[in-house]
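Annotated in Swiss-Prot:
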type	residues	note
ACT_SITE	T9	active site
BINDING	A164, C167, T170	Na(+) binding site
Amino acid sequence: MPENKIRSTTILCVRKSGKVAIGGDGQVSMGNTVMKNTAKKIRRLYDGKILSGFAGSAADAFTLFELFEKKVQEFGGSLSRSAVELAREWRTDRMLRKLEALLIVADKEESFLISGTGDVISPDEGVIAIGSGGSYALAAAKALYDHTDLSAREIVESSMKIAANICIYTNDHITLEEIL
């Protein structure tokens, strides 16, 4: 019997020299079949001041995007407050707890990973990644961050290409957004 689990994505966020960039690949796989190559998993929120990306179930992620956007509006664009409140609601709401997705959100000052278990994680070094190829992208980004003069955008581009060459659930159709 074929496996129908949907697997997808690598999302990488890098903050460097006052700039933040977030990138995501476009592949969506079901079992061992590529279903889509050009999915857009990166969004701008709050008049372009907040970047977000998701890994996991697309339907679940869009639900979380909507909830997060409401929190951002409710808390006047405060990224940290919105992230904490979304995680709290996600963890305690019976229906939301069943959603299978992870979010990375970032603005000009902060970046967070938000999970359904109530985790809100801010990276120590300005680099954070999620998804099936997240560990590959994270390793590449940390090496480039520490040992090159590349910009945040260039680090995301290079690291996502590396992840796409290693992870079978990640492709090289990259969507990239940045805040300068």
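A Cβ is built for glycine as well, from the same backbone N, Cα and C atoms used for every other residue.
A164 (Na(+) binding site) carries a helical DSSP state (H, G or I).
Neighbours of T170 (Na(+) binding site), defined as other CB atoms within 10 A of its CB across all chains, total 30.
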